[in-house]
Amino acid sequence: MTNIRKTHPLMKIMNSSFIDLPAPSNISSWWNFGSLLGACLAIQIITGLFLAMHYTADTATAFSSVTHICRDVNQGWIIRYLHANGASMFFLCLFLHVGRGMYYGSFTLSETWNIGIILLFTVMATAFMGYVLPWGQMSFWGATVITNLLSAIPYIGTDLVEWIWGGFSVDKATLTRFFAFHFILPFIISALVLVHLLFLHETGSNNPLGTPSESDKIPFHPYYTIKDLLGLMFLLLTLTILVLFSPDLLGDPDNYMPANPLSTPPHIKPEWYFLFAYAILRSIPNKLGGVLALIMSILILAIIPILQTAKQRSMIFRPLSQIMFWILTADLFTLTWIGGQPVEHPFVTIGQVASILYFSLILIIMPTVSLMENKMLKW
């Protein structure tokens, strides 16, 4: 008798995606982050649903409804902090997932890579709108500053900003629509994840060597399900420690003050996962230039496949490219640090140098180094 998982219309899809899927035999723990991101998304949707049951999207009561969740709702505090810190874990896994794709040359799977970039933008939009919802000082001023950037668009900028606000400033209408979008976007993300997986399973996964895997594949279950479970345990352990011991470690103290349009916080800054892009935005004195640089800091990922000049797919046997990759990583850490610092000397100059280095590495230095390596290998 044929196994039901191979004949049932629904289970057949699950089986070919997660059980009998032929996977390369040598993929390392760096390939765990896809499943970890799926786990993060599930955690965010579940905790978010419970938070939405008690939250009110109204400027008069939003802040106190979040306080009510933490103080009066059974286990409300843990749900709230799981959601807030879950977002940080989500972005940590996202950055590592993208970094792995760059290091091992997974961007050559162009459809999967491009859907991944769309996913990154969507997750960033969702996180930004979620940060506005508690209606604290940083929520309000973050929303004001970031939405105001759209006014740099010629001709339609001002109208566009007022259209997003639903008035002449960030107010009740803005909060209501941000809550609506924040609720619906995770489900759109889930649909995009399925498309991402669909394209991935069309071509098959890359591996650390960057070589074709057709000759040596193993079933996904039990080998990689066990491996993914180990990664999931580490993720949950880290998240639990963060939530139970220092839930406010990654937050901003200013967000514990109710939003006040008449008082500007001394340093307006977003959550840590946006700081690198915020530093790039701030390092350009021109408003429109800054906005374009901000968008390009993420969109530049889309042209990485075009800039690939190396004859080898993976960086594993290309030491010069590895050095450039780790310089890029260090540069992103520098930008993240600068994004959280006040706008004064020497931080402005460091931010400008780091921003120039970021774009130079991806657009010029790394492709040139790859060409040099080709010459050295006589390819």
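Positions of Cβ are set from backbone N, Cα and C atoms, glycine also.
In Swiss-Prot this protein carries:
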- 33-53: transmembrane segment (TRANSMEM)
- 77-98: transmembrane segment (TRANSMEM)
- His83, His182: heme b b562 binding site (BINDING)
- His97, His196: heme b b566 binding site (BINDING)
- 113-133: transmembrane segment (TRANSMEM)
- 178-198: transmembrane segment (TRANSMEM)
- His201: ubiquinone binding site (BINDING)
- 226-246: transmembrane segment (TRANSMEM)
- 288-308: transmembrane segment (TRANSMEM)
- 320-340: transmembrane segment (TRANSMEM)
- 347-367: transmembrane segment (TRANSMEM)
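Features as recorded by Swiss-Prot, highlighted on the structure.
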residue: His83; record: heme b b562 binding site; DSSP class: helix
residue: His97; record: heme b b566 binding site; DSSP class: helix
residue: His182; record: heme b b562 binding site; DSSP class: helix
residue: His196; record: heme b b566 binding site; DSSP class: helix
residue: His201; record: ubiquinone binding site; DSSP class: helix
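Within the same chain, the residues at least 6 positions away from His182 (heme b b562 binding site) whose Cβ sits under 8 Å from its Cβ are Gly48, Thr126, Met129, Gly130, Leu133, listed in sequence order. Sorting the binding-site residues His196, His201 by the number of other Cβ atoms within 10 Å puts His196 first.
His83 (heme b b562 binding site) is 30 Å away from His201 (ubiquinone binding site) when you measure Cα to Cα. For His97 (heme b b566 binding site), the same-chain residues 6+ apart in sequence whose C-beta sits under 8 angstroms from its C-beta are Phe33, Gly34, Leu37, Gly116. Contact check: the transmembrane segment (77-98) against the transmembrane segment (347-367) gives fewer than three Cβ pairs closer than 8 Å, residues 6 or more apart, which falls short of the contact criterion. A C-beta separation below 8 Å, combined with a sequence spacing of at least six in one chain, links His83 (heme b b562 binding site) to Gln44, Thr47, Gly48, Leu51. Here the transmembrane segment (178-198) has long-range neighbours at 17, 38, 41, 44-45, 48, 52, 55, 57, 112, 115-116, 118-119, 122-123, 125-126, 129-130, 132-133, 143, meaning same-chain residues at least 6 beyond its ends whose C-beta is under 8 angstroms from one of its own. Spatially, the transmembrane segment (226-246) is not adjacent to the transmembrane segment (347-367); fewer than three Cβ-Cβ distances between them are under 8 Å for residues at least 6 apart in sequence. Within the chain, the transmembrane segment (288-308) has long-range Cβ neighbours (under 8 A, six or more residues past its boundaries) at 98, 102, 105, 107-108, 110, 113-114, 117, 120-121, 124, 149-150, 152-154, 276-278, 280-282, 355, 358-359, 362-363, 366-367, 370.
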